[in-house]
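Read through the structure below, which is laid out as structure tokens, and then see the notes.
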Amino acid sequence: MYQRNILVEQADPEVWAAIQAENLRQEQHIELIASENYASPAVMAAQGSQLTNKYAEGYPGKRYYGGCENVDVVEQLAIDRVKKLFGADAANVQPNSGSQANQAVLLAFLKPGDTILGMSLAEGGHLTHGMPLNMSGKWFNIVSYGLNEKEEIDYDALEAKAREHKPKLIIAGASAYSLRIDFERFAKIAKEVGAIFWVDIAHYAGLVVAGEYPNPVPFADVVTSTTHKSLRGPRGGIILMKAEHEKAINSAIFPGLQGGPLEHVIAAKAVAFKEALTPEFKAYQQQVAKNAKVFAETLIERGLRIISGRTESHVMLVDLRAKGITGKAAEAALGQAHITINKNSIPNDPEKPMVTSGIRVGTPAITTRGFKEEETRITANLLADVLENPNDEANLAAVREKVHALTSRFPVYR
């Protein structure tokens, strides 16, 4: 029997120390990784609840275990809320991650060897959309589409490839593409060749909810997303689908890929979805988009090239070649200045994937902590200051001091 009054700090000082160090890092550092955000205390409290103790294989009202009456309520709330958020016919809130949600789509609609048309990872796609080392690339025949000379999705080439290869499934969505995607045109192409049309909005979901990015639900057969990133919920996944695909998708998740769902995480998803239904969340997403525009404009003023020349979302790719620094080196230097970003390949990148010629920058996290246009402009200039002299310790120290002055004015949890 454990002692009920013993908390983490007494039970495991080593883990507690790491948690506290991470808490300090999140408070002091400026977070610009586009896929990261700060979940609310309410979301984290739900995830830390007693629901973690409950096994609940199956779906609400159709469980293989007894005692599921309370988790049924929670899961149904999550389903109903996410359907309302996106205007979807049906939803599955059980995927443990965005990648598992994506795997479920493949399991529901395809057989090994079927052809998929997806965005090239090298030009902004995601590894679950056909990267050779990923399950999607190992099990299926992958045909990739990419960008044109303007670094925009080449819809004409995409259409030609669809007609030539007759894919069973076409994927829209990206992990490093800053522009709006024409989901309606994708849908027309998919319909012409008889393909299932799947959209992955893991990055854009929060913006979609607020009307700041196109909603693919009216056009797609199935839509997947993570629940963290711009949705600002717990780490996990969701699947939205047309009514006729609900049985296939649900069977692909359980028993196809997963057993008992993580009901404590589903509770946190439900809380996050309720938050996302508020006017405050819409205003937050509007500010995310405004901040991204300011960030990109400021970097351009400082002599940096933005891939595609602009952003129409929360994210941007920055080409560092003119500065003579790799993405890997930039990530390290910015980290020393307490600005967190990730290295990222750019289209036709001459560097290896673990080195890269670019960085990816996003505004969801800084907007959550309260940054508006003024603070965003300051942050973009601080980032540019580091890139001007990445090996100058005095420069890094000066930027770090300015970062701390800024973050102390906008605490996350304190």
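Using N, Cα and C of the backbone, Cβ positions are placed for all residues, glycine too.
These numbers come from a predicted model, not from an experiment.
As written in Swiss-Prot, here are the features:
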type	residues	note
BINDING	L121, G125, H126, L127	(6S)-5,6,7,8-tetrahydrofolate binding site
MOD_RES	K229	N6-(pyridoxal phosphate)lysine
SITE	H228	site 'Plays an important role in substrate specificity'
Residue among binding-site residues L121, L127 with least C-beta crowding, 10 angstrom cut-off: L127
Just to verify a number: CA distance, H228 (site 'Plays an important role in substrate specificity') to L121 ((6S)-5,6,7,8-tetrahydrofolate binding site), in angstrom, no decimals. 21
Cα of H126 ((6S)-5,6,7,8-tetrahydrofolate binding site) to Cα of K229 (N6-(pyridoxal phosphate)lysine), in Å and rounded, measures 15
Return one of helix, strand or coil for G125 ((6S)-5,6,7,8-tetrahydrofolate binding site), based on DSSP. coil
Nearest-integer angstrom distance between the alpha carbons (Cα) of the residue listed as 'N6-(pyridoxal phosphate)lysine' and L127 ((6S)-5,6,7,8-tetrahydrofolate binding site): 17
The correct three-state DSSP answer for H228 (site 'Plays an important role in substrate specificity') is coil
Extra residues within 8 Å (Cβ to Cβ centroid of L121, G125, H126, L127), (6S)-5,6,7,8-tetrahydrofolate: G118, M119, S120, G124, T128, H129, G130, M131, N134, A174, S175
Surrounding CB atoms that lie within 10 Å of the CB of H126 ((6S)-5,6,7,8-tetrahydrofolate binding site), all protein chains: 24
If you draw a 10 Å sphere around the Cβ of H228 (site 'Plays an important role in substrate specificity'), how many other Cβ atoms fall inside it, taking every protein chain shown into account? 27
Cβ packing number for K229 (N6-(pyridoxal phosphate)lysine), 10 Å threshold: 26
